[in-house]
Amino acid sequence: MLVDNQTSTTTNLVGTKRKSPENDFIMTIDIAGDDDFVDDDENDDDEDLKEDFFFEESDKPQLPWDFAPTIEKMKQQTHKKTDGQTSLEDKINQRKTVKKLKADDDKSVTTKTTNNNKSKKSNNNDNDDDDEEVNEEEEEEEEEEDNENEKEINKKQQQQQQQSNKQTTDKIKVLQSNRKLKKIVEEELPTFEELHLSRPLLKAVQKLGFSQPTPIQAKAIPLALNGKDILASASTGSGKTAAFLLPVLERLLFRDSEYRAIRVLILLPTRELALQCQSVMENLAQFSNITSCLIVGGLSNKAQEVELRKSPDVVIATPGRLIDHLLNAHGIGLDDLEILILDEADRLLDMGFKDEINKIVESCPTNRQTMLFSATLNDEVKTLAKLSLQQPIRVQVDALMQVTSTLEQEFVKIKPQHLSDRPAILLSLCTRVFNQGGTIIFCRSKKEVHRLRIIFGLSDLKAAELHGNLSQEQRFDSLQQFRDGQVNYLLASDVASRGLDIIGVKTVINYNMPNNMANYIHRVGRTARAGMDGKSCSFITDNDRKLLKDIVTKARNKAKSRSVSQDNVNFWRNRIEELTEDIKSIVREEMKEADLRKAEKTLDKAEKIISNADANVETPKVWYKTKQEEDKSKELWKIENNIVNPGKKLKAPIDVTGVNNVPSIKKLKQKKDPYYGLSRKQRRHRQFKEEFEREQQEERKRKGGDDGDDNEEIDSGKMFERSQRAQKSSGKETKRIESLRRNYMAGGALTDQEKQRVDNKKSKKNKRMIVNKKEKKQRLSKK
């Protein structure tokens, strides 16, 4: 590469936004009219590249992420299992073996009874030598009957299996919408070489199997290399992670390696996304000496603090654990930060990290570069962009709130009387249609996910679960099993609906539909990623009709509706009813084991307190939010996302003010609007009264009267009341005349409903008159 002398010098990355050539880190290429590129010598590689760059030829592309090393570290740190506790797979296998033993016992009992009957008959027939031929004939007949019974049983089992494996009985229809789709214009995209990336990154990209950049990568990488703030929005599976990692690594290749500091911070909403991002970054930076650190919950706090003290180049973190280290770990800060990246910003705000993000942004230097990536751009994301970005460039790829064009969508409508058959419908589809593996099933609650995991295990289907009640090691392990193909089905909550890039996901099943269109797009976006084909199947109830209409109108391909055969549903319903006792027993065992774990944790805490009683007292830990404030924020988040009814009584009173004692929205409105809280009628009355008083004051000034005279103020109030009464009386007369005209036009007496209305109006008027009289008496008594 031909590089200018001005840009080849290495300086700090803080001044990337300035236009001066000394602080610009973009590798500029000067191409003359007829000049040709000249190959560099082998000795010049050391000047262009860092040390420890080595290139190896590999035929197979490397997978972008791998959780196996982190799982091994976590297993070393975790405690050993206590006696009497078994895993869920062991419990399921125990139930299966018990059933097999019972079946074998039943068969042995039946064979013994038949043999006893035969022996008794043979003993009785030994006395009669003349009847031997008859007994032989009877025995032959009995054997024939037994064989026939066994054949009938086998036929019934085969019929049941055939009913469960039928594929032709499902009916599929096409759902059409009235909206006309626009033609998609394909743009020519540049290659990774044309994006001016260094050779270590190009080698890593080639090893990962990336042939051509995606549209978001082609648009965002040049802007990020220029050091500009970016507000990017693209559909799920469009390659947003590499869109910000590649320019960050390109700039870090030319850093001052002698001066160690935290230069880049990447914030992500969930632990799985953070670990995936860190794994992708290690693969992209495998031919460089760039260091990174993972700061998430569920891992050792002290080990993370040690890694932060080493000053890694890149920190990938979740907001909660990062603030914990910033508040409690001495000597750790973000003073030298140069690049801040907010990935999945809409999810960060939805999960209630708004205050944490604002705190982190305040602790970062102002002359940084900020990149914000999100799949949807709502009002909250725009407000966050105004606070954190400076003159950003907006990058938008694909239409917002749309699924990819390579996705095939199917819907299964469930009637209200068949809602209890939802597990049977799911099992019938998983055993017949979606039985090739690579299927993610999304549920609304954690309990439903765990219950389906037990049902899948008892019905000989390989599945793993992913939700918030699992430990961090179990969550990573389930993702690793699904990635490696050890498990065909991944039962998950909305934890797995954002950002996870799992190769080989063929279908996504929505066991429960999400609350809004954005969550649906994120769930379905786990398949049909990066131009690959995919399929989704959603269970629709009467409450989901509005969402279904939006999906069908915005679908690029024709959506289909599938009607599952009732025979298959009945078969699996009976099968699930047989498994109810086993499911309940497994849940009871797990509840007992959970109680034992809690007791062990309390004992461990007590032992630590006793052992450290004589030691020096440590400084108390600082928390960004107390438990009460966290509960309040969670309740607010549930109300905003329609998870809990707002009318329901909550455990703690909700404080909208937040952590930093910001004045509430109501108080701000009261200061700005003097008529806040009044009805429209009361507001008009007060406005008329104020105008009338102004006019009276102006007349007094003209006449030369004193403004402070109390008698004149009373007279002005009386005048205003008289004018109001006159207006009311005139309005009442017009209403009375109109009502009389209507009655005469109707030509008859008033109906019962009309009489009730008239009586109600009269009673209201009388009550108002009584209240007004009391108020007048109170005013006069005070004066």
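Just so you know, the numbers here start at 1 and follow the chain as drawn.
The backbone N, Cα and C atoms fix where each Cβ goes, and this holds for glycine too.
The following features are taken from Swiss-Prot:
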COMPBIAS  1-14  compositional bias 'Polar residues'
COILED    72-180  coiled coil
COMPBIAS  72-93  compositional bias 'Basic and acidic residues'
COMPBIAS  110-125  compositional bias 'Low complexity'
COMPBIAS  156-167  compositional bias 'Low complexity'
MOTIF     190-218  motif 'Q motif'
BINDING   Ala234, Ser235, Thr236, Gly237, Ser238, Gly239, Lys240, Thr241  ATP binding site
MOTIF     343-346  motif 'DEAD box'
COMPBIAS  688-706  compositional bias 'Basic and acidic residues'
COMPBIAS  715-741  compositional bias 'Basic and acidic residues'
COMPBIAS  752-761  compositional bias 'Basic and acidic residues'
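Of all the Cβ atoms in the protein chains shown, 24 others lie within 10 Å of the Cβ of Ser235 (ATP binding site). With a 10 A radius on its CB, Ser238 (ATP binding site) counts 24 other CB atoms from all the protein chains. According to DSSP, Lys240 (ATP binding site) is assigned to a helical segment. Neighbours of Lys240 (ATP binding site), defined as other CB atoms within 10 A of its CB across all chains, total 26. Confidence in the motif 'DEAD box' (343-346), given as mean pLDDT, stands at 86. There are 23 other Cβ atoms within 10 Å of the Cβ belonging to Ala234 (ATP binding site).
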